[in-house]
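Peer 1: Once you've had a glance at the structure underneath, I'll fire off some questions.
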Amino acid sequence: MSLSQNISIVHPEHFFITGLRGTPYSTYYYIFLFIIYFISIIGNSIVLLVIALNRSLHSPMYIYVFNLALADIGESNALIPNMMKIFFSDSQYISYNDCLANMFFVNFFITVQTYTLVVLAFDRFIAICLPLRYNAIVNNKFMAILFSVIWAFNTFLITLSTSLMTRLSFCKSNVVESWYCDYGRLVRMPCNDISINNVIAILIQAFFLVAPQFIIVLSYLGIFIALCKITSWEGRFKALKTCVSHLLVVGSFFLPIIFNMIAAPSVNARIISGSLSIALPPMLNPIIYVLNTAKIKDLIRKVLNSRSAPIRGNVSK
């Protein structure tokens, strides 16, 4: 292993990303991930364009959807192309600096996704529990400020956690048993003190895994209590229907992560379930929101009809 040493800190020139080991059809799995990536980029790009180009969608609800699509594209681009580059090239090595950059962008966009889901849970809570005050509380200015704070806070914390990796000395091994430069795997490899990194890791788990789920559960507990106060089943169903998209997105995001933590699978099973838990939500999110949002469906339908009208006219001639 080629090493460059700065005083007592040893940084490897490269890390070796193991990926799937001993799996005969691993190539097909990586091709499957690339298909997921392609669908994710196309789907989220369409959502971004539809929202950006239509002023009728410049509302708090669609500011949320826009930020989620932006985070989905960022996460997909941070993870999957790098995987393709590593595992379809002759070498599974990644340089030290590229590894830290990969770690930063994957973790950053995952955390943005997490708190975007929290924002919509808050949005649904206000809409159902305090409907008369909804427009006064949730408006474009409020959402813009809220997402600015989320992006700034996430940038600060993920930058801090990534920069603290540079103080670690990797003098024993440069082999990362994962499919990308996973912070959890890298922080177990150094041969010097990692206490500060462990504290930051605990903070990140508390801020971006425990706290979001706790807030979302509290929000839906409040929503459930509010629904019980609605006398008609029709009114309850109408209110609950507005939460369907959010619940599906939350389930697709958190359930694979929880399963991966509880199941404690083998290395290959952990890599497959972990990579799917990161790759699948960006593909599913635009599908879920297009299928469950009448405005977006109507706008896409109008665009398709306007494009197909000249073609039908030429054919009829």
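Every residue, even glycine, has its Cβ placed from backbone N, Cα and C.
The domain 'G-protein coupled receptors family 1 profile' annotation in TrEMBL covers 43-289. Taken from TrEMBL, the feature transmembrane segment applies to 28-54, 61-80, 100-122, 142-160, 199-227, 239-259, 271-292.
Have a look at these and tell me how they're positioned relative to everything else.
Peer 2: Here the transmembrane segment (28-54) has Cβ contacts under 8 Å with residues 20, 62, 65-66, 69-70, 72-73, 76-77, 80-81, 83-84, 87-88, 272, 275, 279-280, 282-283, 285-287, 289-290, 296, 299-300, 303 of the same chain, all six or more residues outside its ends.
Taking Cβ pairs closer than 8 Å, the transmembrane segment (142-160) reaches residues 60, 63-64, 67, 104, 107-108, 111-112, 115-116, 119, 200, 203-204, 207 in its own chain, all 6 or more past its ends.
Distant neighbours of the transmembrane segment (199-227): 107, 110-111, 114-115, 117-118, 121-122, 124-125, 128-129, 157-158, 160-161, 164, 183-184, 187, 236, 239-240, 243, 250, 254, 257; these residues of the same chain sit at least 6 beyond its ends, with a Cβ under 8 Å from one of its Cβ atoms.
Within the same chain, residues 19-20, 29, 33, 36-37, 39-40, 43-44, 46-47, 65, 68-69, 72-73, 75-76, 79-80, 83, 106, 110, 113, 178-179, 244-245, 248-249, 252-253, 256-257, 259-260, 263, 265, 300 sit at least 6 positions outside the transmembrane segment (271-292) and bring their C-beta atoms closer than 8 Å to a C-beta of that stretch.
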Peer 1: With Cβ-Cβ distances below 8 Å as the criterion, list the same-chain residues six or more beyond the ends of the transmembrane segment (239-259) that contact it, or say none.
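Peer 2: Counting only partners 6 or more residues beyond its ends, the transmembrane segment (239-259) has Cβ contacts under 8 Å with 68, 113-114, 117, 120-121, 124, 127-128, 209, 213, 216, 220, 223, 226-227, 230, 273, 276-277, 280-281, 284-285, 288-289, 292-293.
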